[in-house]
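Asker: A single structure is presented below for examination.
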Amino acid sequence: MSSKLRIMVPVKRAIDFAVKPRVNSAKTGVETAGVKFSINPFDDIAVEEAVKIKEAKKGAVESIHVVSAGSSKAQEVLRQSLAKGCDTSTLIDVGDASVEPLTVAKMLAKLAEEDKSNLIILGKQAIDDDSNHTGQMLAGLLNWPQVTAASKVDINESTGEVTVEHEVDGGFETVSASLPMIITTDLRLNTPRYATLPNIMKAKKKPLKTVKPADLGVDIAGRLETVSVSEPPPRPAGIKVNSVDELIAKLKERGAL
Amino acid sequence: MLSRIVFSRFATFQKTRLASTLAFLEHSSSQLTPGSLNTVTAASKLGGVTALLAGTGAREAATAAAQLAGVEKVLVAEDAAYDHGFAEKITPLVAANVAKHGFTHVVAPASSVGRGFIPRLGAALDVQPLSDIIGVESENTFVRPIYAGNIITTVKTSDKIVLLTARGTAFPPAQKGESTAPIEDAETADLSATPTVKFISEHLAKSERPDLGSATRVVSGGRALKDKESFDSLVYPLADALGAAVGASRAAVDAGYADNSLQVGQTGKVVAPELYIALGISGAIQHLAGMKDAKTIVCINKDPECPLFGLADFSLEGDIFQIVPELTEKIKNA
């Protein structure tokens, strides 16, 4: 490989996966006040994979740049990623606006070009909007190969060939592509580490740059308008049965058997 | 209510005038995939459907697509370049056909192929797609789940070309219609500048059982099955007795009891069978996201606090190692 790996990892701050979201009182979105937020779980896996590559390929990785588009609170997830081993970070400060995947992809494409990134690892989807778009859009904008839902990544640093095992319907598939490329992570790719206290302290000294969407020449106005949000209708209360016979009888009564 | 009727009439009027929809259909061994049939139904809610099939065997699968109700035309790109559904190649093909025929909507199944290329096409056309739609309100307004299905949102798009992936379980499969649509060659795409992803191998879980995504009955096992042997000896016989597909929770998959492709949930398959039987699954919200639209849910678990008891229509508290063999026997003998 002619040049070293310059990895970019985009991360998103989202409502914690264990929290059951509720529609807000104005019925315009999801209640966020007083709700726990965390790094999107798939993005945590992307950070872990980048750091693992850096640890395994001594000297092959020049830098890991972690990026988030969000409010100033997204700094927390950037610091956390720095504490896990990323080198530099950028917050694209969009204020409280919610930005659509296409907008995020455009901003990331600009940063990737500025940064001369040659490998971008993203989560396969954010667990809030569940779009599963940004990685593929970024690959499209950059005209790079994409492999989604990766469960195993193997980089040959001398040839720049990357072999990836990824989840497809009905099983998994192994494919390969050349750098530069985009990989999105499946849950099975790895188990993210915890940041240690000394590393959290060190991360406070690592670079965190803030840019505005306008600095990247991207208009953040979206194409989608949320007409309504609602909680799905609750299911009618269930029945507790006491034996297998009773269960079978109830299922027959209902026509399910 | 009245305004709603007026609105829906208006929408119908609009769709006959404006919408022209391209449905990207998938095939395997020259057969349309089950998800493709649901996609035709979703697409036909927007007006007349042109189906597009690509890859080796596309022409044979096109014959079946041409007979589906709602399909007005079928485009075929029989070329090995489109095999394995690589987004890098499918995107320029669909873009070339959108440019030639002026489609206003493109719908694909919310499968690994559809999820792969629709956003890439969005980047190429500068539009923001909508993924995993479960309802069509009008030509530009769609319903989709967010937050692992805990919130349902209705979204209106202002894009000129609307790109969608459709959740299979939300739309019934298209049936054979009365007429046969003409089959034409698709517009060819320039693939010279597209990056290449090389196919090396695939490991698809082979099974005689019904496909998990479209099965009418599903038996799923969780962590409480303790090991792969118990999973195999409890879940499969019950599934066989019911003619059901087998599913698994993430915990069971991670522990190696079952194949990844059997995972039901936010990050696995979304199923909506007539009957869903959960064995030893506690019911984390990520699992519920994949099965809570099942018509009848049965939960068998020894933990009285298990969250799935709150959702299940019928819950039976007890040891799955005793209950499941008894249930399997009694169903077999019924």
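Note that Cβ sites are derived from N, Cα and C of the backbone, with glycine treated the same way.
Copied straight from TrEMBL:
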| type | residues | note |
| --- | --- | --- |
| DOMAIN | B:21-195 | domain 'Electron transfer flavoprotein alpha/beta-subunit N-terminal' |
| BINDING | B:ARG223, B:249-250, B:263-267, B:280-287, B:ASN301, B:319-320 | FAD binding site |
Asker: So which of these binding-site residues, B:ARG223, B:GLN266, B:ILE281, get their C-beta under 8 angstroms from chain A?
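Answerer: Near chain A, the qualifying binding-site residues are B:GLN266.
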Asker: Are there any residues in the same chain, six or more apart in sequence, whose C-beta is under 8 angstroms from the C-beta of B:GLN263 (FAD binding site), and if so which?
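Answerer: B:GLY247, B:ALA248, B:SER249, B:ARG250, B:VAL253, B:LYS269, B:GLY290 - these are the non-local Cβ neighbours of B:GLN263 (FAD binding site), listed in sequence order.
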Asker: I want to verify one value. Collapsing DSSP to three states, which class is B:GLN266 (FAD binding site)?
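Answerer: Once the DSSP labels are grouped into three classes, B:GLN266 (FAD binding site) ends up as coil.
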Asker: Out of B:ARG223, B:HIS287, give me whichever of these binding-site residues has the highest number of other Cβ atoms within 10 Å.
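Answerer: Neighbour-count leader: B:HIS287.
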Asker: Going by DSSP, give the three-state secondary structure for B:ILE281 (FAD binding site).
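Answerer: B:ILE281 (FAD binding site) sits in coil per DSSP, no helix or strand.
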Asker: Could you tell me which of these binding-site residues, B:ILE281, B:ILE320, has the fewest other Cβ atoms within 10 Å of its Cβ?
Answerer: B:ILE320
Asker: Neighbour count, 10 Å Cβ-Cβ cut-off, for B:ALA284 (FAD binding site): what number do you get?
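Answerer: Looking across every protein chain shown, the total is 19.
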Asker: Determine the mean pLDDT over the domain 'Electron transfer flavoprotein alpha/beta-subunit N-terminal' (B:21-195), rounding to the nearest whole number.
Answerer: 97
Asker: Within 10 Å of the Cβ of B:GLN266 (FAD binding site), how many other Cβ atoms are there?
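Answerer: Other Cβ atoms within 10 Å of B:GLN266 (FAD binding site): 24.
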